[in-house]
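Written below as structure tokens is the structure these notes are about.
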Amino acid sequence: MEEGRAAGREEAGDPRKKKKVVRRYWEGEAPQADPEESGARGAKKARQDEASPRKLMGPGRKKTISGKVDPFPGPASVSRERVRRFQRGAGGQMGTVSNKRLKRQLARQEEKAQAAAKQAARMEMLLLEDAGFLEGDEGEDTCTIAQADIAEAVDLAAGAKHFELRLNQFGPYRVDYTRNGRHLLLGGRRGHVAALDWHTKALMCEINVMESVADVAWLHTETMFAVAQRKWLYVYDNQGVELNCLKRFHGVQRMQFLPYHFLLATASETGFLQYLDISVGTEVATICTKGGRLGVMAQNPSNAIVHLGHSNGTVTLWSPNVKEPLVRMLCHRGAVRALAVDGSGTYMATSGLDRKLHIYDLRTYRRLHSLLLPTGAGQLDFSQRGLLGAACQEIIQVYKDIVSCPPTKPYLCHSLPRPAHALRFCPFEDVLGVGHGEGFASLLVPGAGEPNFDALESNPFRSRKQRQEWEVKALLEKIPHELISLDPGQLGTVDRVSLEQRQKERVERLGYDPQAKVKFCPRKRTKGRDSAVGRLRRRKKVAAEEQRAAIRKSISQRQKGEQRPCPQAPKAPQGQRSALDRFQK
């Protein structure tokens, strides 16, 4: 019956696939197919395979909508050097992990980190801007090119970034930029404080605190800033309204804001280093540095370690979790005047009263090279691209590639009407902001800033809604101050020395090693004489006996040590005894 239906569909030309007939063992062997018919079917199938584009593409190739074959299948290849630039830390050593579940989690995290680094390296080719430096004509030094000539050579938008503010009534001025480089904060020593959007020259607020101002600093956004006044530390909003007066922070001289931890680090004239958590408004740590007046301060952007310069020529590295300095370096024979740390956290520049500029490698804490300046540098700052700005009285010098080799001449020079009191490179801009006795100067330094910015991290053109969303995400991703350490790569690793010490102390406390011997497993008895309760009772009995024997042994050893006779001094002969010998026990 089934054979008749199949034959009927074949004669009628039914396009449906023919159902294979299953033959039972009692029906005998299947009839042999005609060789001519099978050969014709094979030739037809071969012709269909040759005409099929899927077979032509081969394995791993995709057919596009137009029907053409992709000549470059798979993702674009990325060089290892480019991927290595975006990798953070060394890969995990999963060979020492015995837990299978933990090993799978670590492997999954490692895959995600590798994929993120490859994706970032692949997207780098889509960046539109490129960095460039100033190049002079043949036989011309770039340090002789004036700011007016640079402003004339660049376009109108870049030329408008070179300007000067004449404020000779309340100076000298301290300067600070926001993280995205859009807003500028000025603080005069005679009480003048101003915040403005320096791109559009729009003034946000301008107040006079009627006290001397030592330093100013932006907080996490452009809506709040801190001012170190003569007595206490004050916090204002972008309209100039006082939000808080922190009387526990007395006589503050310098301030540094740690953005990923929401910590404001302050250095006072009495030698105290204090940390304020601005997200909750509490004081995290107060450390007495015992180094006198603290007027030189900088932070390491890579690990949030605070660097302090002292009058005895030393530089100390501090963390809010330790009351003692993590590192103490002797950098100068005289007092330290200024210091700066580059963006990668690898190099540190210091200047002192000996008029020398030293470059140190923070990985080995060794001096790389030195430079003798005519008058010494009172202010130092690194740019995002590695340029070093130095303020030598009223002369501003910018050095290029100073960490690789000692330069013979500066990259740029500029003269100010008064000595400089603050120096700060603007993020994501080729601009150097200088505060001096007669106001503020914005200098053009080609190649100083990073040409491309991460809009999710620091967006100079974000709206109010984007700023609010970023603030909420930053608070959720806030790093606790307990994780600040000299080597961030140690986080997540196992401290094997402490683990072994803890195990040793546990053995001494218990009197036996609970992990030394395999636990007793009672054997099962015959049917009817065995039960789970009985096995548990026997297991507890054996464990108690072993523990009791170990405790007896430790107690006996302790008693033997106590009963050991103490060595007595030999008695003097009868003729050499004195009257005080009768009081000896």
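The backbone N, Cα and C atoms fix where each Cβ goes, glycine too.
Look at TrEMBL and you will find 99-126 tagged as coiled coil.
The compositional bias 'Basic and acidic residues' annotation in TrEMBL covers 1-15.
Among the features that TrEMBL reports, domain 'BING4 C-terminal' is placed at 410-488. As a summary of secondary structure, the domain 'BING4 C-terminal' (410-488) carries 17 helix, 22 strand, 40 coil according to DSSP.
What TrEMBL lists as region 'Disordered' is 1-77 (among others).
Positions annotated as region 'Disordered' by TrEMBL: 525-585 (among others).
Residues of the same chain lying 6 or more positions beyond the ends of the repeat 'WD' (329-370) and with a Cβ under 8 Å from any Cβ of it are 296, 298-303, 307, 309-317, 376-382, 384, 386, 388, 390, 402-403, 405-406. Look at TrEMBL and you will find 329-370 tagged as repeat 'WD'.
With DSSP states grouped into helix (H, G, I), strand (E, B) and coil, the repeat 'WD' (329-370) comes out at 0 helix, 25 strand, 17 coil.
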